[in-house]
Amino acid sequence: MHMSDGLLNAGTSVLFGAVAVIGVAVAMAGSRRDLDDRTAPLAGLVAAFVFAAQMLNFPVLPGVSGHLLGGALAAILVGPWVGALCVTIVLVIQSLLFADGGLTALGANVTNMALIGTVVGYVVAVALRGLARRSRAGLVGVAFVAAFVNTVVASAGFVLEFAIGGDAGGVSFGGVAGTVLGVHCLIGIGEGVITALTVGAVASVRPDLVYLLRGNEKPLEIREGARHE
Amino acid sequence: MSAHALHRPGDTSAHLLAPQIKIVSTFLFVVCVVATPRTEFAAFGAYLVVLTGVWVIARIPPRWLAPRALIEVPFVALAVLLPFVGGGTRTDMLGVSVSVDGALAGWNIVAKGTLGVLASLTLAATTSPSEILLGLQRLRVPKLIITVATLMLRYVELIAAEARRMRLARIARGHDPRFLWQVGATARGIGTLFVRTYERGERVHLAMLSRGWTGAMPEPNPPRVSTVDWLAGLVPAGLAAAMLVGALWAG
């Protein structure tokens with residue numbers, strides 16, 4: 001999923017670089033509500049978590065493994081703004097420090113994985129929030145759907161960028177789109193299962209940490225009747 | 001994966017150059033590579049010569065770079081397929097029918113991807129993670145992003161080590177996942193990791209506040225960077241730009 005240099009031409013790279021800068025600026029403005037300069041350490045640890053979680057490989061088929069993208073996971077756990085910001089920072093650091101993902105493709109990578117992925121995952125999760133609040137099984141199901149849609153739509157972002165500025169050497173657009181989307185449907189199932197079980201595990205220990213469930217706490221109820229007169 | 005895995009400490013002029021210059025120079029270099037038309041084979045060779053020059057100055061041996069460049073292999077696999085599935089005119093190469101357009105498209109991805117990875121590796125080898133963040137800070141990247149990235153780098157090894165210990169503990173209890181439906185234990189491990197990470201974040205945050213954290217990392221005595229440094233640091237990018245202009249002019 002981390003695009004390398006040369007997949008997109010220079011013009012398209014610049015275009016999506018601009019899209020990424022605008023998107024990240026919006027995410028920063030939005031995250032001011034959840035985060036200020038002094039709570040940044042918490043976001044740093046969340047980013048470290050996304051980084052570490054991306055290093056865990058999971059088996060998809062014998063011999064084929066995928067790794068977590070983490071967009072929907074971050075959006076459900078810490079909200080879309082901080083989530084997008086954390087995934088962006090992970091991508092920038094991977095590109096500058098680990099040569100993972102090309103420097104000129106950074107804009108497109110941020111657009112796909114940090115912006116589209118997180119926002120789409122969150123929108124799906126919010127649309128199904130009623131279900132998520134009803135029961136643990138509902139929450140797990142919503143997390144699965146959000147992560148699956150996140151992965152497939154993020155890969156559709158790649159297909160779009162490749163169609164605008166890629167050089168497929170005469171391979172038909174439908175062929176590229178079909179292959180990429182097909183593979184990412186498989187990866188999306190893995191992403192969905194991990195995201196769902198992870199969110200379920202967090203919700204059973206610290207439900208207050210699940211951003212999607214905010215506002216779900218029952219107010220403290222003081223009952224009359226057991227009072228000694 | 002350690003956060004310092006790619007840094008090769010040294011005291012060459014390439015290491016000592018201010019990080020913001022190196023970041024800008026690397027970025028401009030890669031932009032030139034990507035903007036080069038795919039049939040300008042000589043230009044791609046010339047870019048490699050420029051990079052080789054930087055490696056000589058920075059004393060980075062090619063055998064250090066080669067295994068680390070393998071990170072781009074998934075995309076090379078895509079590029080290798082293109083000559084066979086590509087459309088348009090076909091030609092015979094070693095008795096196999098390949099598409100000319102597909103072969104050029106594959107070459108385009110391999111050549112630019114490889115040069116991009118090598119340029120990024122050169123930056124990472126000569127610049128420590130904290131210097132790269134310092135460079136980004138001096139390039140006016142917003143304070144919030146720098147703070148989050150600094151803390152991420154500071155704690156990522158700790159979190160990754162915790163993840164490794166949890167994995168080792170699972171394996172020691174007979175965990176051996178092969179299929180997707182066996183992913184439950186791993187996922188619950190990730191959930192636990194999140195809770196532990198977040199609670200550590202809360203503690204770190206309180207500890208930093210109690211030590212007077214105001215929201216920005218102070219940078220004591222920022223050194224003055226001279227125009228000469230900028231000019232010297234931008235030489236590789238300038239050479240690349242000159243070659244790009246030359247290639248476009250000739251083509």
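Placement of Cβ uses the backbone N, Cα and C atoms for every residue, glycine included.
Source: prediction; values computed, not measured.
Annotation comment: TrEMBL describes A:7-30 (among others) as transmembrane segment.
TrEMBL lists A:42-61 (among others) with the feature transmembrane segment.
Through the fold, the transmembrane segment (A:68-93) approaches residues 1-2, 20, 23-24, 27-28, 30-31, 33-35, 43, 46-47, 50-51, 53-54, 56, 58, 101, 106, 109-110, 113-115, 117-119, 121-122, 124-125, 143, 146-147, 149-151, 154, 191, 194-195, 198-199, 202, 209-212 of its own chain, all at least 6 residues removed from its boundaries and within a Cβ separation under 8 Å. Among the features that TrEMBL reports, transmembrane segment is placed at A:68-93 (among others).
Summarising the annotation, TrEMBL assigns transmembrane segment to A:113-132 (among others).
Feature annotation from TrEMBL assigns transmembrane segment to A:139-160 (among others). Same-chain residues lying 6 or more positions outside the transmembrane segment (A:139-160) and placing a CB less than 8 Å from one of its CB atoms are 1, 3, 69, 71-73, 75-76, 108, 111-113, 116-118, 120-122, 124-125, 128-129, 131-133, 176-177, 180-181, 183-185, 187-189, 191-200, 203, 210, 212-213.
The transmembrane segment annotation in TrEMBL covers A:180-205 (among others).
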CB contact flag for the transmembrane segment (A:113-132) and the transmembrane segment (A:180-205), at least three pairs under 8 A: no
Positions whose Cβ lies under 8 angstroms from the transmembrane segment (A:180-205), at least six residues beyond its ends: 58, 60-61, 66, 68-69, 72-73, 76-77, 136, 139-141, 143-152, 154-156, 158-159, 162, 213
